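Please read through the structure below; I'll follow up with questions.
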There are 4 protein chains.
Amino acid sequence: MKIAVLTGGGDCPGLNAVIRSVVRKGVQDYGFEFVGVRDGWLGALRDNMLPLDVSAVRGILPRGGTILGSSRTNPFKHEDGVRRIRDSLAAHDVDAMIVIGGEDTLGAATELSRQGINLVGVPKTIDNDVAGTDYTFGFDTAVGIATEAIDRLHTTAESHMRTLVVEVMGRHSGWIALHAGVAGGANAILVPERPFDIDQVCAWVKKRFEINYAPIVVAAEGAVPKEGEMVLKDRSRDEYGHVRLSGIGEWLAREIEGRTGTEARTTVLGHVQRGGTPSAFDRWLATRFGLHAVDAVRDGAFGTMVALRGTDIVRVPLDETRGRIKVVDPALYDEFEVFFG
Amino acid sequence: MKIAVLTGGGDCPGLNAVIRSVVRKGVQDYGFEFVGVRDGWLGALRDNMLPLDVSAVRGILPRGGTILGSSRTNPFKHEDGVRRIRDSLAAHDVDAMIVIGGEDTLGAATELSRQGINLVGVPKTIDNDVAGTDYTFGFDTAVGIATEAIDRLHTTAESHMRTLVVEVMGRHSGWIALHAGVAGGANAILVPERPFDIDQVCAWVKKRFEINYAPIVVAAEGAVPKEGEMVLKDRSRDEYGHVRLSGIGEWLAREIEGRTGTEARTTVLGHVQRGGTPSAFDRWLATRFGLHAVDAVRDGAFGTMVALRGTDIVRVPLDETRGRIKVVDPALYDEFEVFFG
Amino acid sequence: MKIAVLTGGGDCPGLNAVIRSVVRKGVQDYGFEFVGVRDGWLGALRDNMLPLDVSAVRGILPRGGTILGSSRTNPFKHEDGVRRIRDSLAAHDVDAMIVIGGEDTLGAATELSRQGINLVGVPKTIDNDVAGTDYTFGFDTAVGIATEAIDRLHTTAESHMRTLVVEVMGRHSGWIALHAGVAGGANAILVPERPFDIDQVCAWVKKRFEINYAPIVVAAEGAVPKEGEMVLKDRSRDEYGHVRLSGIGEWLAREIEGRTGTEARTTVLGHVQRGGTPSAFDRWLATRFGLHAVDAVRDGAFGTMVALRGTDIVRVPLDETRGRIKVVDPALYDEFEVFFG
Amino acid sequence: MKIAVLTGGGDCPGLNAVIRSVVRKGVQDYGFEFVGVRDGWLGALRDNMLPLDVSAVRGILPRGGTILGSSRTNPFKHEDGVRRIRDSLAAHDVDAMIVIGGEDTLGAATELSRQGINLVGVPKTIDNDVAGTDYTFGFDTAVGIATEAIDRLHTTAESHMRTLVVEVMGRHSGWIALHAGVAGGANAILVPERPFDIDQVCAWVKKRFEINYAPIVVAAEGAVPKEGEMVLKDRSRDEYGHVRLSGIGEWLAREIEGRTGTEARTTVLGHVQRGGTPSAFDRWLATRFGLHAVDAVRDGAFGTMVALRGTDIVRVPLDETRGRIKVVDPALYDEFEVFFG
């Protein structure tokens with residue numbers, strides 16, 4: 001049996017750990033052969049593959065990124081995409097694929113599976129918003145990096161008695177903001193799932209200053225004010241038409257300064273949240289996902305993805321998770337309001 | 001309502017995070033009052049308590065250890081222990097206790113609960129071996145520290161082409177060894193749940209050298225050779241009758257050297273695994289445990305402990321977990337044998 | 001003898017370590033008394049002081065920030081500033097000051113010293129640009145944080161085969177950029193001391209892509225293109241007149257994309273570089289600076305600052321360093337050009 | 001010109017960084033060719049060499065260990081050692097060597113240089129005890145790891161109100177103990193250079209307990225009690241004649257328990273101090289050492305080693321440093337006694 005392994009979407013710590021465990025188990029326990037698809041669906045379209053054996057995956061467990069490369073290419077936006085992928089797979093005598101990716105990559109996988117390509121999915125995203133699994137690998141690493149940053153910012157906030165706004169990743173879901181905000185002892189946590197009231201945020205800020213501590217506000221990049229989506233859209237491109245780096249974090253600092261008369265600064269954590277060595281938790285999860293994905297291929301359980309439920313790895317039909325984002329449950333968010341202000 | 005908070009047993013990152021969230025939520029949301037019991041059950045026996053308000057718990061979230069102190073005192077091994085605890089609680093008008101501890105501390109709590117003391121338990125141990133909960137806080141931090149150590153040892157093992165044996169905590173269960181060993185890419189993982197065959201370990205070591213890599217062997221301190229419990233007992237005290245620091249790790253290095261004719265060294269990680277700032281995961285879990293423990297007290301759900309199931313915090317009767325250790329499932333251990341050697 | 005301790009300017013890891021060692025040695029070895037001045041020169045102007053004894057400095061060695069607070073207040077820009085400071089000091093019977101700060105704070109200290117106030121300076125800045133000392137504390141921590149970020153960004157750059165621009169602190173000097181860029185294996189390092197040629201930067205970027213690696217460009221926030229200071233000034237305020245967060249890093253990514261036709265992204269590290277626990281090196285240096293500053297006071301060596309020369313702590317007249325910024329030596333910068341591209 | 005690069009002695013973070021910068025600069029700026037000698041002097045004796053070009057050194061900057069391997073082989077203890085080395089070098093047309101090592105490796109290099117082999121030395125040791133240079137690379141990393149461990153141990157010591165003894169590396173010099181002890185806020189620091197009085201140590205321990213804090217004692221592995229060298233020698237081998245892992249740390253905990261009646265525990269940091277990714281400081285220093293070593297070869301400055309003096313890299317005759325260990329200056333040690341107890 002010959003299996004093609006593909007990694008798609010944004011970079012995520014743990015991708016290499018999945019690739020390694022897939023290949024180690026497949027070769028050693030089942031005698032499978034492997035090829036790696038370069039740069040996500042792009043390599044599948046272009047028949048850009050590399051051989052993948054046990055020696056190719058040695059030493060990659062602790063390394064961030066993916067030795068296969070990645071891209072955000074969507075095969076259904078290319079003419080004849082499905083046929084070209086079929087041809088690539090056939091040219092290499094590939095029997096099945098293991099597709100490691102987030103919502104977009106797995107979405108394409110779901111459709112390809114419907115059209116008859118044998119594949120098993122592995123959910124991946126630092127944002128933790130893939131439906132059907134308790135956690136995705138990469139998330140714990142991102143939360144750890146953000147929490148360490150918040151720890152550091154506390155001391156500077158206190159020294160200067162100013163608000164520090166920390167903008168973390170999370171365009172559609174607030175998992176990183178919520179976990180890192182709770183772990184970092186933030187005084188306000190803003191998530192896309194719940195449009196915020198800027199007056200409430202300023203009230204929390206003032207309450208914190210009143211007891212002689214400096215506020216930390218953690219905002220997901222997708223957080224929006226209740227009244228103000230338009231305001232944010234205006235700010236989203238600069239005078240040259242380029243998308244600006246700055247976003248909700250910068251806007252918040254400005255509003256807090258203007259409305260409370262106290263100093264505020266912003267830090268945008270950015271790409272450091274998605275690179276580098278994975279945490280122990282993510283290496284563990286990614287390794288187990290890889291082992292179970294190979295078992296799913298061996299069992300012919302195509303059209304499923306592996307998923308974490310409690311401490312078990314289970315198989316979930318890709319169809320069930322397609323098009324659904326796992327968002328932060330309001331009841332969970334409310335648990336932590338006692339810490340705001 | 002007045003609540004006494006107690007931390008017992010070995011030190012564990014996240015204890016302060018529990019204390020903080022208990023007090024913050026109890027005071028702010030329910031108007032409860034709190035006292036802290038000093039040094040575990042010892043302070044309960046001796047009526048050694050300190051006031052505990054919101055200002056006392058500020059800033060302690062990221063700090064390891066416990067501001068209340070801890071001990072391994074068992075109240076049932078003291079004459080009149082239960083009566084003395086009752087008296088201490090009565091002297092401070094305490095209505096209920098929140099008891100944060102591992103198997104021993106919760107064991108005593110279970111018995112006290114049976115005898116009518118109102119209490120709610122919070123499971124704690126870096127070893128992750130409390131039954132009834134997916135994970136305990138402290139475990140993720142310990143695994144992270146051990147994994148980082150293994151990462152470092154890999155390079156030294158390679159530079160000198162020798163085996164490095166890493167002895168991690170885990171007297172009765174191999175959770176730290178298994179998780180850190182998998183995350184660190186160990187070539188052999190030895191756990192108390194499965195007595196090991198030293199010949200098999202040496203075979204793995206030799207196999208690794210054959211492909212020009214240096215082996216890493218991770219052993220829980222409670223790991224034992226199949227044939228050799230007696231041998232280990234002999235080694236447990238030195239010529240002065242003092243318990244020796246050295247244990248299974250040192251024995252393994254010696255045996256590997258003797259049986260394979262290759263160099264081996266041992267590192268015993270020791271107490272660094274149980275101190276210092278908790279990981280983001282542990283802060284999150286400890287914070288949630290604290291919030292839910294206060295809710296359990298408010299609901300009068302005495303005789304239960306809070307526990308993690310998947311992503312939910314649930315209540316489990318203390319009676320159900322009493323006297324049971326959560327050990328590593330053989331099927332889980334077997335998942336990773338593909339990486340040995 | 002009674003000494004007032006003051007911390008001024010931007011936050012910097014190691015400030016608390018200096019305060020601790022000053023107070024420990026002053027009290028224990030010489031029987032000095034201490035007061036702390038709140039919020040830099042602001043507290044000196046407003047007679048805002050707090051008592052400072054050995055118990056007040058316990059546990060602060062590993063903590064970032066300053067327990068005294070800081071500000072960027074310049075006493076010479078306040079009417080009667082010098083007289084008000086004299087009055088504050090007299091009101092507390094202060095005999096001498098220990099002033100911990102960067103170029104601005106020490107500049108004010110130099111002038112106050114000329115006007116007869118007994119003081120000793122301790123150089124502080126994460127930027128490492130105070131003249132007269134080999135290193136300042138805070139710098140090693142900042143470099144460590146930036147290097148770890150670069151390590152992480154490498155994997156993401158490789159996974160997506162895009163350029164990552166990392167903007168680090170350093171408005172007037174490129175020390176952080178140079179050290180972190182060298183330690184992080186950057187493919188281009190841009191510092192304020194040497195206006196860069198954007199065509200050269202793009203050539204390095206292309207050269208890196210040609211060997212199938214992804215480029216990392218590290219830029220100090222004060223780096224400027226040879227031809228383009230004006231361009232940068234235009235970008236410095238947004239349409240509301242607010243200073244923008246984004247700067248040279250964003251500009252570079254845009255230019256690289258436009259000129260090379262390859263993808264580029266920017267990460268602005270920001271305030272995380274100046275907060276949090278100090279590195280071991282910075283704790284060592286800050287501790288020694290504190291010990292030697294107290295000795296300087298005891299010896300009546302007023303008008304000097306302590307400084308590092310090799311492994312020795314020496315005293316340097318404040319007058320000698322006044323108004324001088326220590327910039328990166330061109331010969332040092334040139335050492336590393338072999339790694340560019 | 002063809003240069004052989006050799007790494008000898010114990011593993012040390014930064015070795016790979018030196019190799020990389022040597023090869024990058026040598027090839028790119030001067031057109032030199034390189035071979036790598038495997039496993040220190042052992043490979044030189046056995047003519048075990050590998051080709052070393054720019055592609056071989058890509059990506060190794062942040063990796064601990066040495067891609068060349070290392071050993072503690074002394075060529076002068078092998079018959080015909082010098083002749084065999086000459087033959088190996090001649091067989092590969094090697095014109096000069098760059099020898100990276102500690103006291104033993106550089107000692108052999110000094111003698112080989114006297115006998116006419118063209119070589120330049122690069123000082124290396126985590127112990128920082130090579131004479132003639134302010135610091136060696138590897139030391140800062142080791143101190144950072146030890147300091148982080150001490151930070152963690154503080155919380156456990158406090159939670160249980162017991163002494164924690166931390167045994168760090170340093171057989172002949174106390175640099176790691178002194179720097180990490182100062183940075184970690186230790187209450188006693190014991191170094192080989194100054195035999196300690198166990199009664200004094202116990203007095204410091206008791207003093208610490210009296211103010212309700214728990215003591216941390218940092219001891220270099222080579223620290224010895226004033227009265228007791230013999231006692232320590234007795235303990236150095238177990239009943240099977242094997243060298244024991246345990247040493248001064250274990251002895252100290254025992255004595256403290258026996259003499260003060262308070263609990264004490266020991267942690268032996270061991271090999272984690274010498275592996276893993278180098279700190280930013282060590283990468284910087286190792287990189288510069290490599291660049292300057294190549295320049296020294298180009299200049300024909302054989303028989304010298306590169307060294308750090310302040311912020312400059314200088315050349316020091318190997319003869320001058322031969323047989324000298326750089327120990328901790330008593331005056332430096334005394335600076336920190338104010339923190340003991």
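Each residue, glycine too, has its Cβ placed from N, Cα and C.
Since this is a predicted model, take the numbers as computed values, not measurements.
The feature active site, proton acceptor is assigned by TrEMBL to C:Asp127. What TrEMBL lists as diphosphate binding site is C:Gly10. Positions annotated as Mg(2+) binding site by TrEMBL: C:Glu103. According to TrEMBL, the feature substrate binding site maps to C:Thr125, C:Ile126, C:Asp127, C:Arg162, C:Met169, C:Gly170, C:Arg171, C:Glu221, C:Arg265, C:His271, C:Val272, C:Gln273, C:Arg274. Per TrEMBL, domain 'Phosphofructokinase' is recorded for C:2-297. Positions annotated as site 'Important for catalytic activity and substrate specificity' by TrEMBL: C:Asp104. What TrEMBL records for C:Lys124 is site 'Important for catalytic activity'.
For each feature listed, report its degree of burial, its nearest neighbours and the pertinent distances within the displayed model.
For the recorded site, C:Asp127 (active site, proton acceptor), the DSSP three-state label reads coil. Every protein chain shown contributes to the tally, and the Cβ of C:Asp127 (active site, proton acceptor) ends up with 28 other Cβ atoms within 10 Å.
For C:Gly10 (diphosphate binding site), applying a Cβ distance below 8 Å and a minimum sequence separation of six or more within one chain yields C:Ser70, C:Arg72, C:Gly102, C:Thr125, C:Ile126, C:Arg274.
DSSP classifies C:Glu103 (Mg(2+) binding site) as helix under the three-state reduction. Within the same chain, residues at least 6 positions away in sequence whose Cβ sits under 8 Å from that of C:Glu103 (Mg(2+) binding site) are C:Thr125, C:Asp129, C:Val130, C:Ile325.
Within the same chain, the residues at least 6 positions away from C:Met169 (substrate binding site) whose Cβ sits under 8 Å from its Cβ are C:Ile126, C:Asp127, C:Ala142, C:Ile176, C:Ala220, C:Glu221, C:Leu269, C:Gly270, C:Gln273, C:Arg274, listed in sequence order.
The Cβ of C:Asp104 (site 'Important for catalytic activity and substrate specificity') has 17 neighbouring Cβ atoms from other residues within 10 Å, across all protein chains displayed.
Of all Cβ atoms in the shown protein chains, 32 besides its own fall within 10 Å of the Cβ of C:Lys124 (site 'Important for catalytic activity').
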What's the CA to CA span in angstrom from C:Asp104 (site 'Important for catalytic activity and substrate specificity') over to C:Lys124 (site 'Important for catalytic activity')?
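So the Cα of C:Lys124 (site 'Important for catalytic activity') lies 10 Å away from that of C:Asp104 (site 'Important for catalytic activity and substrate specificity').
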Identify, in sequence order, the residues in the chain of C:Val272 (substrate binding site) that are 6 or more apart from it along the sequence and have a CB within less than 8 Å of its CB; answer 'none' if there are none.
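C:Val272 (substrate binding site) has long-range Cβ partners C:Ile145.
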Compute the C-alpha separation of C:Lys124 (site 'Important for catalytic activity') from C:Arg171 (substrate binding site), stating it in Å without decimals.
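C:Lys124 (site 'Important for catalytic activity') and C:Arg171 (substrate binding site) have their Cα atoms 16 Å apart.
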Where does C:Val272 (substrate binding site) sit in the DSSP three-state scheme?
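Assignment for C:Val272 (substrate binding site) reads helix.
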Just how many other Cβ atoms lie inside 10 Å of the Cβ on C:Thr125 (substrate binding site)?
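The answer is 27.
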Quick one: of the recorded positions C:Glu103, C:Lys124, C:Thr125, C:Val272, which have a CB under 8 A from chain A's CB atoms?
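Qualifying residues, whose Cβ lies under 8 Å from chain A: C:Val272.
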Would you report the average pLDDT that the model assigns to the domain 'Phosphofructokinase' (C:2-297)?
93
Looking at substrate and its recorded binding residues C:Thr125, C:Ile126, C:Asp127, C:Arg162, C:Met169, C:Gly170, C:Arg171, C:Glu221, C:Arg265, C:His271, C:Val272, C:Gln273, C:Arg274, figure out the farthest C-alpha pair and report it in angstrom, whole number.
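So the maximum pairwise Cα distance among the substrate binders is 33 Å.
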Let me know the DSSP-derived helix, strand or coil state of C:Arg265 (substrate binding site), please.
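Once the DSSP labels are grouped into three classes, C:Arg265 (substrate binding site) ends up as strand.
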What count of other C-beta atoms do you get within 10 angstroms of the C-beta of C:Arg274 (substrate binding site), across all chains shown?
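A count of 26.
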Select the most exposed residue of C:Arg171, C:Arg265, where exposure means the fewest other Cβ atoms within 10 Å, treating these as the binding-site residues.
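Least crowded of the binding-site residues C:Arg171, C:Arg265, by Cβ count within 10 Å, is C:Arg171.
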